[in-house]
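Student: There's a structure below that I have some questions on.
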Amino acid sequence: MSYITMENLLKAEFFNPSTAVKKTMMSTVISAILLNATNTQLTKPVNFTIKHIREFVSGNSLFCVYWKNTEWIVDGCSVLETNSNYTVCSCVHLSTFALIMQTSSSPPEDDQRMNLLNVVAVIVGLVFTSLALLTFAFCRWKPGVNNVPRINLCISLLSAHLLFLLTQQFLKHIKTHQVLCGVLSGFLHFLFLSCFVWMFIEAVLLYICVKNLLQISFGQRAVLSSRFLIVIGYGIVLVIVCISVGLVPGGYGSDKCWLKEEKGFIWSFLGPVCFILALNTILFISMIITLNSTLTKLNAEVSRIKQTRILVFKTLAQFVVLGCPWILSFFTKHSKMMEILFVILNSQQGTFIFLIHCVLNNEIRRQYVKWMRALFQNHPK
Ligand SMILES: *[C@@H]1O[C@H](CO)[C@@H](O)[C@H](O)[C@H]1NC(C)=O
C-alpha cells in the first residue's frame with residue numbers, strides 16, 4: 001500500500017531528530033501486511049524495491065526506515081542495493097516503511113573549530129566596536145561632523161553581533177521554545193537592518209554636506225536634526241519589520257533562530273540590504289563626481305573640500321566593509337573558504353570602523369595620546 005503525499009506529514013525530520021544534518025524523503029510512505037496471517041514472525045527477511053521520488057545526491061547516505069510510534073527508525077531494516085532510480089530494502093518485519101536520504105555531516109571537530117573561530121572573531125569585533133563607540137561618544141569632533149549615524153551604527157552593530165553570538169551559543173536551549181526563537185530572530189532582523197539604515201543615513205548626510213559645501217555651514221544643521229534622525233532611522237527599520245511580520249507571520253524562527261528561507265522570507269532582509277547598497281553606490285558615485293568638479297573649478301577653501309573628500313572615501317571604505325560580507329553570504333553554502341572569510345569579515349565590521357574613523361584620524365590619535373598620558377599620570381608607580 002502506498003500513501004500518496006503522506007511523506008509530507010511523516011517527514012524525514014522524524015528520523016534521528018537529535019542530529020542537525022539535513023534529511024530528505026526519497027520515497028513515498030508504504031505499508032506491507034500479510035492478510036489472514038496469524039504468525040507475524042517472518043522466516044526470511046522481506047525484500048522490497050522502492051522507487052526514488054527525487055534525485056539521489058551522491059556522497060549522502062540512504063536509510064531504509066520504518067515508522068514506530070512517533071519516529072522513523074532503522075532497527076532491523078537495511079539497504080540491500082541501490083542505483084540512481086531504485087533502492088532494495090530488506091526488513092525483518094512488516095510495517096510502514098520509507099527511504100530517507102541523510103546529508104553527510106561535516107566532522108564534529110570541524111564544526112567545533114568553526115565555532116571557536118566564530119566566537120573569538122565576534123568577541124574581538126565587539127571589543128573594537130565598543131572602543132569606536134566610546135570614541136564617537138566622548139571625543140571632541142570638529143563641528144560639522146554629525147556623529148549620530150555613526151554612534152547608532154556602532155550601537156546596532158554591537159547589539160546585533162552580541163545577540164547573534166548569544167543566540168548561536170545557546171541555540172539548543174532556545175530552540176525548545178519556538179516563540180522565544182521567533183522573537184529573537186525578529187530582534188536580529190531589526191538590529192542587522194538598523195546597521196544598514198544608519199550606514200545609508202550617514203551617506204545621505206555626507207551627500208547633503210558635499211552638495212552644500214559652499215553655501216551652508218553644516219554645523220548648525222547637524223545639531224538640529226539629531227533627534228529627528230534617530231526617529232527616522234529606527235522608524236524605517238521598524239516599518240520594514242512590521243511589514244515582514246504582517247506579510248508572512250510565520251517567517252521568523254528558522255532552525256538557527258534566524259529568518260526562514262522558505263517562501264523567500266529571507267528577502268525581507270536581503271531585499272532592503274540590496275536596495276540600500278544600490279542607493280549608497282549611486283550616492284558615492286555622485287559625491288565623487290561633485291567633489292572632483294568642485295576641486296577643479298575652485299581654488300578657495302580647497303582644504304575644506306579636501307577634508308570632505310577624505311571623509312567621503314572613508315565612508316566609502318566603511319560602506320564596502322559593511323556591504324561585502326552580506327554579498328559573500330550568498331556563496332557560503334558552496335565553499336568552506338567563503339564561510340571562513342564571511343565569519344571574519346562579518347565579525348570585524350566594528351574593527352574596520354574603528355580603524356578608519358579613529359586610528360586613521362590625526363586628531364583622534366592625538367586625543368588618545370592625551371588620554372593615555374592622563375591615565376598614567378593619575379596612577380604613578
Ligand atoms: C532477501 O534478500 C536477502 C539477501 O539477498 C536473502 O538472504 C533473503 O532470503 C531474501 N528474502 C526473501 C524473502 O527472498
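Cβ coordinates are placed from backbone N, Cα and C, and glycine is handled just like the others.
Copying in the features that TrEMBL gives for the protein in this structure:
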| type | residues | note |
| --- | --- | --- |
| DOMAIN | 1-107 | domain 'GAIN-B' |
| DOMAIN | 114-361 | domain 'G-protein coupled receptors family 2 profile 2' |
| TRANSMEM | 116-139 | transmembrane segment |
| TRANSMEM | 151-171 | transmembrane segment |
| TRANSMEM | 183-208 | transmembrane segment |
| TRANSMEM | 228-252 | transmembrane segment |
| TRANSMEM | 264-289 | transmembrane segment |
| TRANSMEM | 310-328 | transmembrane segment |
| TRANSMEM | 340-360 | transmembrane segment |
Student: Per DSSP, what is the residue count of the domain 'GAIN-B' (1-107) in each of helix, strand and coil?
Tutor: 6 helix, 45 strand, 56 coil
Student: Over the domain 'GAIN-B' (1-107), work out the mean pLDDT and round it to an integer.
Tutor: 86
